[in-house]
Every structure is written in C-alpha cells, then in structure tokens.
Amino acid sequence: MRYRYAIALVGIVIGWVAWPLAGRVDFDRSISAMFAEDDPTLVAYRELESAFGGNAVVMLVYEDSQFTTTEGMARNESLSQRVEAVAGVRGVLSPAVLNRAVQKIRPAGLFSRTPPLFRKSDSVSRGFMDLFAGYTHSADQSRAAVVAILEPGHDQGCIETLQQIATELENGELEQGDLENGDLESGDQAPGDAASANQASGDAADTIGDVALVGEPVLVHDGFQLIERDGSKLETMTLALLSIVLAVAMRDLRLIVLAAGVITWSVTVTKALLFELGVELSLVSTILTAVVTVICVTAILHFGVRFQANRRRGRSRLTATVGAMSGLAAPIFWTCATDAAGFAALSISRILPVQQFGIMIAIASMAVFVALALFAPVLMMIPTPGEASKAAARGSERSADRSRNRKSRLDLKRWGLMISSLAIGRRGLCAVTTVIVIVVIGVGLGKAEVETSFLNNFRSDSVIVADYDRVETNFGGAGVWDIILDAPQVLTEEYLRSVRDLTGQLRDIDVDGARLTKVISLADADAVALRVRLLRLVSPATRLSGMQVTMPVFFAALLSDGNAGEESVAAGADPDASEQQTETGAATSQAAVDADTEPGSMPRRFRIMLRSNEQLDADHKTALIDEVRRVVAASDVGASGRVTGYYVLMTQLVGQMVGDQWRCFAASGLLVWILLIMATRSPKLATAALAPNLLPVFLVLALVGIMGGKINMGAAMIAAVSIGLSIDGSVHFLSAYQRFRRRGHSANTSAIHAAGNIGTAVFLATIALVVGFGAMMTSQFVPTATFGILVAATLVLGTIVNLTLLPALVSAIDP
C-alpha cells in the first residue's frame, strides 16, 4: 500500500501507451476470415475466387407489371447500366443483356414491338427464358433482376451504393436520366424513339414494387454492420446496468469508478496486445467490452463485499483495503484464471474468429486481475463525501447503520447457510435429482438440431429476412453455390455434352424433397445456341466466342481462360470484338491460380452455378451438398470437381462450430481442473468442484433441444465459456471451505459456513452476471442474443449447484 501511487502511475503509463495501438486493430469483414488458411473448404473457395475473379453475386430484384413490354425492358436496361457503373461491380447479367444476345442471334423484324427475349414463337428466345428463369427473372415473368457480379476487392461502399439504388427504385426516386439513357439494342424500337424511355421513367413508381437486394455479400455486410452497432449498444447497456447493480448493492461510488477504470484499461490493453499479435477483430469480437464488464463487476462485487465487511467491523480504510485485497487476491486470481481457461479453450476451434475470440477474452480476463491490483489500492483509499463527519458520529450511528445496511446481506447469507445445510442433510435427494437431470440431458442433447442458415442469424421481422423470403418464393432458392470443373483449353462437343449430362443429373437430385432449384452453365447456353441451324455447323469454340462478345460477364463468370483470351481469338473470335470487349471492361476473367505459371499453361476452369433453398434444415442441407458431391465425382467430367461457394462455406462453418464445441468443452474442463488442483492442492476437491459445474452447461443445451430450438453460432460457444464463468463461485467456496477446515471445523460445518460466507457475494455476482449477459438478448443478431441468454441461464443453474450439490459432494468426500 505504501507504493500505491507509483503502482497506479505504472498502470496509467501502460494504458497511455496501449491507447493508440488499441485504435489500430483492424476489423475483418470477410467470411473467408472465419476459416483457417489451410481449411479444405476455404481452399476450394479460394480456387473459385482465383479462377473467376468476381465471384460474389448480388441480385437486385423487383416486381414490374410492364416487364415484358418495351418500356419494361428499357427500364431494366437503364437499371442495369446504373448498377454496372457502381465502383466494385465487375459486370451485370440481366434480361436486358439477354435481350441483346437474342437480338444478335435472331434479329427482329423492323416493325416488331416485342422485345426479342419475349418472342414466344422463337425457340432461341424460349430457350433463354427457360434457362435463366429464376436467375434474371421469375418463371411467371412478373419480376426482373439485375445480377451484379462483384470484384473480389469490393468495399462496403459498393454494397451501400447498391442498397441506395434499391431504395431509390422502391421509392420511385431514380432520376429521370437514370431511366432515359438505356440503350435497348432490341431492333424493335424505331430510331430516335425516346418516348418509351420517358414513359418508363414516368410510370416506374406505379409499376415497380417489392424491390429487394439480396446475396451473400449483402447478408455479410448487413450482418457485420448489425454486430458492430450491437457491440456499441451492448457496451453502453451492460456498463449502465451493472453500474446500477453495483450502486444498489454496494452504495459506494469508489467501486463504480473502479469498475469503469478497470474495464477501460483491460479492454484497451487487450486490443493493444491483439494488434501486436496481428490478430484482427471479427464476427464475434464485438462483445469484448460486454464480456469484460461482466467479469470485472463480478470480481469487484466480491472485493466490495469483503471491504465493506471490514469497514463495518470498525477497521480503517487502509486496514479494510489491505484485508480485502490479501484475503481475496488468491480467489480473484484463480477466478480470473479459470475464466481465461474457459475462453482460451476456444483456441483449439477450427473456426478462426472463435480461436481469436477465445484468446482475446483470455487475455482480457487476466488483464482484469492486473487492473484491480493496479488501481484498487489508490481508489479505495479515497475518502467518501461526509466520511469524516460519519467517523466522528460513528459511535452513536453504528447500530442503526448496521441494521439498515446489513439486513439484506444477512438475509442473503442466511439463505446460503439454509440452502447448503438442507443439501448436506439430504444428499440422497441431491443424488436422485442429479440422476434425473442426467436423463433429461441425454434426451435433450439427442434432439438438438444445428442451425446452418446464416439468414436465420437475423430476427424474423428484419428487412433482410423479408427480402430473402420474397426471392426464395418468386425466384427459387436464395442459396448460391458452385461446382468447379477442370476444362480443356479447347472445349469440344464431347466435353459440353458430358457437362450437359451432369447438369441434367444435378437437376434430378431429390434428397427427401431437398432439390437444386437452379443449375446453369455455359453448356446449357450453348444448347440454346444449337437451336439455330446455322450455328450447328460451326465448332463449339466459334459459338462460345460469339457468346463471349454478346454476354461477356456471363461468359467470364462461367469459364476461366488461362491464356487470357488468346485461345478464343485463335478459335475464330473477332479480334475487333474482343478488343472492344476489353475496352468496355468486360474482358474474360484471369484464371491464373499460380502467378508464376508460364503463359499458355494456365489451368482452365469450367463453372456450374447452383441455387437451392436457404431455409433447409441442417440434415437436408448437408445431405444435399453430399449428394451433389457424389454426382459430380461419378460424372465423366467431374472426377476432380470441387463443390464450393457461400452456401457450402456457411453450412460447413456452423457444422464445424458445433463439432468444435465438444472439443473446446473437453479442453476447457481439463484446463479448469488443472487450475483448481493448483489453487486447492487437492485433486479430490478439484474434481468435486468441477463435476457439478458440468451439469448446468449440458442441461441448458439439452433444454434447447427439448424446446425445439437450434444450436446456432452463439449456442455453440457456451459450453467451454460457461465452465470458466460458473466455476467462479466454486473457487470462492473452496477457498472459504479450506480456511474453515484449517481452523479445525468438520467437513459438514465447513461446507455450510463456506456457503454462507460466500452467499452474499455469489448471489450479487450472479445477479450481475445475469443482468450483464441478459442485456445481450436485446441484440438484433440472433447468435449474440442466444449466447447471452444461454450463458445467463447456465450461470443461474451454476449458482444453484454451487450452493447445493457442491457442498454436499465436498463434505461427503472429505470427511
């Protein structure tokens, strides 16, 4: 205590150095950041990105009652140009693009007023409409879409601009010029006929509705924005609520200031260390401050209860502070250590952000203990307002003050004594109850299902869920994924026929009702081109080179060219057309998987785009992916095929998290057990403390299954985390129990009085924990809300266990 100012100054200097570093921690928004670099799922996805460049797809979908008219097509053309001009958009595919392609293949008559794409008598038009139904337009032709293919390096501004365009379209606010400048190459508009474009602009507000912008990039963008916003709100709410808990329970402003200082210092130092370690913040990192606040306030409640107990005995501030710190230094250290162990166990997860989250909170947990040691001596020595006058009148007021301030604490202590006494006296009932709980756990865990839909991480009444529901209903499945095939440098009739056989088999897949709602490839587009007799006479390379010119974005998205366009020109494509294509930003994608590969030897990749329902349950989704893999592997062209895409990534992500939770749970239990042995120097007591604390975690997860809930990303993390948090009460119990045993008390008496001794602090700490984690239930991101609710429930059950089963078990094995 003599050097308390110097110690506090050291803490301030450390915080001052850490502050600028903490602000430099990056926030990684990519889904690929969720996986380790060598994860096979990510490797396949990286290949997709490398081969086709602009892999991410966003769909701007809208209802248009005039879609099949010239005005509707002009509107789609203008909208396509507006979207394509957005920075970060590599190109678009839309009905207007298809309309131009059909016009080149089958020029319309001079006086035809029907857009070429909608000519029902034309087999090519019908072929394109059927092929792209559910992609660029709905099957009933009441809705159109502009499909934007994004650059790999697109930023937040790209998505936000597209969202702005969608909002303006919905509200009829697109500028007049936006809907006048469409260059509709249909051949059926008379030269200089701008009237239809003007009419399209004027009628847009009346004919357009149900606008939605969907796609995994939008989902991820909105998800991360929601998480960041929630993180800030949770910081404020958690700190405010727990400050109220501290104020009501302790009635000491110094403890509130201490909590604020410890939280700020711990979070700042943790972020600075993360920056130095090269760790980026990610999906689950935004609740850092909320979790640190909960850990900090729990430790301060234990400290405050002991400090005030010393003061009520008439001890000075110095003596009370020294007594509280010396008496609780070991228990608080070990509780922070077990908290750190629970979170550190997450570091063995295969999901990178979960690993980082575990390391981050483990560092923060120990930082809380360090911060308490640095700042508590100084702050608790500050006299409170009016303390001098109170000291002078202490003799006359002490009795009344004690009766007011100790009544609630005595009640809590009495409850602790009574509950533990009943548990020790009725060990048989505790044993029977434990067996019943184990049976419930066995039943419930067997019923628990995994939530694999990233969309269900948003609340059902959110705008993005409503948009996806509309797309899922009118366009088929909203889940987008891909197949990558090795392709020869020159595509032959035999190869394309084999691909068409494969796509036909894919369309026939039916796994208990789970099907692919869309399968599309260049081979299918080539089959449409074969409906033109003249094109049947030329080679596939010639047909595809024409498609490369008329639909360059579609072509580049589905076929990589290792020779950067040389082969297509050699095969008969018009060099001028290819040059024009390059100048307009629609060059073919680069498929250089290895930058050092010699020109002419770069591997070529053929892509099949798939769609399926996003809202499939975990079993059907996994079974569908497995069946697609089986069909691809068994085909003539798919022996080395890879199935990948956002849909596969997200399914794999949650599946890995759920699988990892039991590995992390085992690691957490082992680490906590070792720490308990070190704290108690008794493997027997450590085992007795750990075993009861396993039950709350299993019971909560079992209840999720029994109640029909699903294990999402939030629920998948609570197993390991909850052990570290719920064991806190056990650490304080064992510390008090061993202290009473050293004084010569029996096991039963020691257990009862230990429970009573910690009862007040444990009850208050549980209230603080429940309030803190319960605040997370207000999050709009469902996994965060689930994490908070389930951890709060686990901690309540943990408190019950620590005051009943733990005293009964410890007193039974340590006679």
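Cβ atoms here come from the backbone N, Cα and C positions, even for glycine.
According to TrEMBL, the protein carries these features:
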type	residues	note
COMPBIAS	177-186	compositional bias 'Acidic residues'
COMPBIAS	578-591	compositional bias 'Polar residues'
DOMAIN	685-812	domain 'SSD'
REGION	177-200	region 'Disordered'
REGION	567-601	region 'Disordered'
TRANSMEM	6-25	transmembrane segment
TRANSMEM	283-305	transmembrane segment
TRANSMEM	317-337	transmembrane segment
TRANSMEM	357-380	transmembrane segment
TRANSMEM	428-446	transmembrane segment
TRANSMEM	660-678	transmembrane segment
TRANSMEM	685-707	transmembrane segment
TRANSMEM	713-734	transmembrane segment
TRANSMEM	754-775	transmembrane segment
TRANSMEM	787-810	transmembrane segment
Report the DSSP secondary-structure composition of the domain 'SSD' (685-812) as helix, strand and coil residue counts.
-> 112 helix, 3 strand, 13 coil
Other than its close neighbours in sequence, what residues sit by the transmembrane segment (787-810), given a CB gap under 8 Å and a spacing of at least six beyond its ends?
-> 287, 416, 419-420, 422-424, 427, 430, 434, 685, 688-689, 691-693, 695-697, 699-701, 704, 714-715, 717-718, 721-722, 725-727, 729-730, 733-734, 737, 747, 751-752, 754-755, 759, 762-763, 766, 769-770, 773-777, 779
Looking at the stretches 6-25, 357-380, 660-678, 685-707, 713-734, which one shares the most CB pairs under 8 Å with the transmembrane segment (283-305)?
-> 357-380
Same-chain residue ranges lying at least 6 outside the transmembrane segment (6-25) that approach it to Cβ under 8 Å | 264-265, 267-276, 279-281, 371, 373-375, 377-378
Is it the case that the transmembrane segment (357-380) and the transmembrane segment (428-446) have 3 or more CB pairs under 8 Å, with pairs at least 6 apart in sequence?
-> no
Cβ contacts the transmembrane segment (317-337)/the transmembrane segment (685-707), at least three under 8 Å, sequence gap 6 or more | no
Chain residues in Cβ proximity to the transmembrane segment (713-734) (below 8 Å; excluding those fewer than six residues from its ends, i.e. six or more beyond) | 283-284, 295, 298, 302, 331, 334-335, 338-343, 345-346, 354, 357-358, 361, 451, 457, 653-654, 657-658, 660-662, 664-665, 667-669, 672, 676, 679-680, 685, 689-690, 692-694, 696-697, 700-701, 704, 754-755, 758, 761-762, 765-766, 769, 782-788, 790-791, 794-795, 797-799, 801-803, 806-807, 810
